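Colleague: Supplied in structure tokens, the structure appears directly below.
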DNA sequence: CCTTGTGAAGGCCTTCACAGCG
DNA sequence: CGCTGTGAAGGCCTTCACAAGG
């Protein structure tokens with residue numbers, strides 16, 4: 001089995017979402033062509049990405065939506081829900097806590113905030129707690145992932161506390177590059193990173209025409 | 001001048017943020033080594049990225065923080081503020097409307113929501129308006145970018161309305177792949193995309209060891 | 001002597017054409 | 001006959017070693 005480009009993994013997540021939309025729409029069968037159009041990549045790319053992991057289609061026919069969906073969840077480790085806590089219960093944290101799309105892949109198991117004024121709130125029956133409760137909660141409730149939704153200056157400190165508590169992965173919404181041990185996965189969901197592509201548009205035209213991609 | 005990898009642009013945004021942190025900390029001089037460490041890339045990478053655009057340092061010495069910061073803002077087209085409107089004033093939209101970090105690069109010029117109950121709100125003195133006001137506002141207030149903070153099902157429709165109104169770029173917070181004319185820049189700030197890297201962690205171990213990057 | 005700037009080499013990812021198979 | 005699956009080719013991006021220059 002060949003080396004898997006990490007970019008392929010990102011695309012698999014997109015394919016999965018498309019398959020779930022198709023399934024919800026009652027579609028049974030699809031093709032690399034259709035997936036490619038929806039994901040805005042080439043059909044070659046779709047087939048290659050899938051081929052890193054196995055053969056899930058039928059030649060001459062295509063893919064069965066339900067089958068491919070299940071296989072992708074299996075590959076991505078999303079065939080079970082991951083225990084997640086949210087640190088920082090400002091508006092972003094609260095919006096995420098109530099976001100229905102989370103529930104299919106994450107199980108929200110804890111909410112933490114440094115501000116005592118937030119400790120009267122609860123989400124899905126789980127109360128917001130102080131940071132001092134974090135290590136115990138992570139251990140006892142089998143929390144595997146932490147979502148950081150605090151201001152940038154505090155993000156590294158929160159990350160340290162999460163790592164210290166034994167967390168395995170971090171979803172970081174703060175606009176900073178976090179330092180964590182390399183066995184801890186970090187995903188930056190930095191909204192200022194949005195600048196990177198918009199900057200392509202804002203880019204001095206003199207350079208834009210030199211660009212690739 | 002050689003072709004510029006689009007990935008380099010993303011990193012330039014990171015370098016810029018680091019430089020602004022350094023400047024705020026009163027640091028005058030830096031090096032490719034220091035920038036590399038902060039950005040978690042190699043010093044080779046930093047120098048190469050900068051070299052696509054010019055020579056901004058002094059050999060044997062390094063870079064002047066203030067100079068490089070100004071040059072990067074110039075390159076990225078961030079030496080002026082871009083007119084931005086937010087569509088969808090739920091908690092995400094409201095949090096972003098109040099986010100202080102936006103003001104250095106974006107000027108918030110309009111807020112829109114389909115729900116009349118939101119129309120009594122205002123942010124920075126600008127009222128939330130109905131979608132029917134969008135085209136006129138975009139034209140009259142010179143709004144160049146639109147930020148989409150609506151539920152996924154409505155995102156494409158909102159994108160269409162933004163494009164129709166003459167917007168030039170879109171920051172998309174909804175978890176869908178938007179279809180827009182190719183002269184409109186789109187940045188997906190999809191929080192479910194966070195799954196892509198966390199999936200690397202969740203990935204079946206059998207494949208994780210095959211991975212590259 | 002030290003750090004930047006850069007052509008060249010190497011490697012990863014995408015693209016492609018076609019073999020494989022129902 | 002149609003669409004998938006894949007080795008090979010090509011291209012882009014990163015890495016590297018060293019030249020350039022204060």
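Placed from the backbone N, Cα and C atoms, the Cβ positions cover glycine too.
Automated prediction, rather than curation, is the source of TrEMBL annotations.
Per TrEMBL, the features are:
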- A:14-53: DNA-binding region (DNA_BIND)
- A:88, A:89, A:90, A:91, A:92, A:93: NAD(+) binding site (BINDING)
- A:77-177: domain 'CoA-binding' (DOMAIN)
Colleague: Among the binding-site residues A:88, A:89, A:93, say which ones reach under 8 Å of chain B by Cβ distance, listed as they appear in sequence.
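Modeller: From A:88, A:89, A:93, flagged as close to B: nothing.
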Colleague: Report, as numbers and ranges, which residues of the same chain sit near the DNA-binding region (A:14-53): CB under 8 Å and 6 or more residues beyond its ends.
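Modeller: Same-chain contacts beyond the flanks: 1-2, 4-5, 8, 61-66, 68-69, 71-73, 75-76, 78.
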Colleague: Other than its own, how many Cβ atoms are within 10 Å of the Cβ belonging to residue A:89 (NAD(+) binding site)?
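Modeller: So the number of other Cβ atoms within 10 Å of residue A:89 (NAD(+) binding site) is 23.
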Colleague: Which numbers of helix, strand and coil residues does DSSP report for the domain 'CoA-binding' (A:77-177)?
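Modeller: Counts, helix then strand then coil: 40 helix, 27 strand, 34 coil.
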Colleague: Among the binding-site residues A:90, A:93, which residue has the fewest other Cβ atoms within 10 Å of its own Cβ?
Modeller: A:90
Colleague: Rank the binding-site residues A:88, A:91, A:92 by how many other Cβ atoms lie within 10 Å of each Cβ and give me the one with the fewest.
Modeller: A:91
